[in-house]
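What follows is one structure encoded as C-alpha cells, with my remarks underneath.
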Amino acid sequence: MSSSTVRKVGVVGWGAIGRVVGTALAEGRIAGAELVCIVDNRPLGEAAPARQVPFEEALELCDLIVEAAGQGVVREWGERILDSGTDLLVASTGALTDDELGGRLLAAGPGRVYFTGGAVGGLDLLQAARSMGPLDEVRLTTTKLPATLEQPWMDEELLTRMRNATGPVEIMSGTARDVPVKFPKSTNVAASVALAVGDLDTVRVQVVADPAADRTRHVVEASGPHGAYRFEVAHRPDPGNPATSQVVPHAVLRSLGALAGRTGQIL
Ligand SMILES: NC(=O)C1=CN([C@@H]2O[C@H](COP(=O)(O)OP(=O)(O)OC[C@H]3O[C@@H](n4cnc5c(N)ncnc54)[C@H](OP(=O)(O)O)[C@@H]3O)[C@@H](O)[C@H]2O)C=CC1
Ligand SMILES: O=C([O-])CC(=O)C(=O)O
C-alpha cells in the first residue's frame, strides 16, 4: 500500500478504549492506518505514542478521527469533523438518541460517519433482517456491576438499594431513546442496537445491577416476520474502567481495519 493511501488517524479520548486503540495503531498493527495525533482533556506527557494536539489541529492532521471520549464529544464536534472532510468513527453511539443530531451527522460531509459495533454482537444480522421489514420486538438486557451504573441523578434510596444488593436489581427500563441518556458511559450498546434495527423506540432496554456480575452481560432478543434472533455476550470488564468491557477497543480496531480498506474482512 502506498503511503498516500494510509489512513491518518487521530484518537480523541485517551482512556480505556483510546489507549488500546492508539497503542495498536502506533505499533503498526492495523494495516493501512497510522496514529498521527491524540486529543485528550489531560496532559499525556512523553509516554504518549503520538503528539497530543488541540482538537482544531487534529482536524488538519487527520483524515479519520476515532471518538473514544464520550457522547459530549460527538455532540460538540461531530458535525465539524465531518464538514472538514475528516471521517469519524463513533464509539459513543448513545449521542445518536438525539434524532436532530443524528440527522445532522448523517447529512454532514464530505467526511463520513461510522459506528463501531462496540460491546454487542449480531448487529450485522439484525440490520439484514430489518432490511426485509421492521422487527416486531427488540429487547436488550444489560447487566453490570452496581458501581459502574451509579449516576449523579440517582436518589439515595436507589443508590442504597444498588450498594446493598445481594442479587440482581433492575434499575431502569425504557427504550433505546431514554436509557443511554441516563447512563451515558454504560449503555451506548442500546443505541447501537437501535441503529441496527432503525428505530430507537422499538428497542426495549432493561438495565440490571448485579454485585455478582464479574462479567458484563448484554442479551439482545429480537423477532420479526422473517425470524427470531438472540445474541448473548459476557465480557470481562476493563480493570481500569469496569464500565467498559475489555473487548470494546478491539471492536474499534476491527472497524478501523475494515475502514482502512484491507481485504479479507468480515464486514
Ligand atoms: N459502543 C460501545 O459498546 C461502548 C461505547 N463506549 C463509549 O466510549 C466512551 C469512552 O470509553 P472509555 O475509553 O472506557 O472511557 P474513559 O473514561 O476510560 O476514557 C475517556 C477519555 O476521554 C477523555 N475525554 C472526555 N471528554 C473529552 C473531551 N471533551 N475532550 C478531550 N478528552 C475528553 C477523558 O478525560 P476526562 O476523564 O478528563 O474527562 C478520558 O481520558 C464512553 O464514554 C462511552 O460513551 C464505552 C464502552 C462501550
Ligand atoms: O462496554 C460495555 O459493555 C458497554 C458500555 O459500556 C456501553 O454500551 O456504553
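Every residue gets a Cβ built from N, Cα and C, even glycine.
His218 (active site) carries a strand DSSP state (E or B). If you look up TrEMBL, you'll see His218 marked as active site.
In the shown protein chains, 29 other C-beta atoms lie within 10 A of the C-beta of Asn188 (NAD(+) binding site). As annotated by TrEMBL, NAD(+) binding site applies to Ala119, Asn188.
Positions annotated as domain 'Aspartate/homoserine dehydrogenase NAD-binding' by TrEMBL: 13-108.
Confidence over the domain 'Aspartate dehydrogenase' (166-252), given as mean pLDDT on the 0 to 100 scale, stands at 98. According to TrEMBL, the feature domain 'Aspartate dehydrogenase' maps to 166-252.
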*His218 (active site) versus Ala119 (NAD(+) binding site) - Cα distance in angstrom*: 8
*Enumerate same-chain residues with a sequence separation of six or more from His218 (active site) and a Cβ-Cβ distance below 8 A; give 'none' if the list is empty.*
Ala119, Val120, Leu140, Thr141, Thr142, Thr143, Val189, Phe231, Glu232, Val233, His235
_Of Ala119, Asn188, His218, recorded positions neighbouring ligand 1, Cβ under 6 A_ = Ala119, Asn188
*In the domain 'Aspartate/homoserine dehydrogenase NAD-binding' (13-108), how many residues does DSSP assign to helix, to strand and to coil?*
45 helix, 17 strand, 34 coil
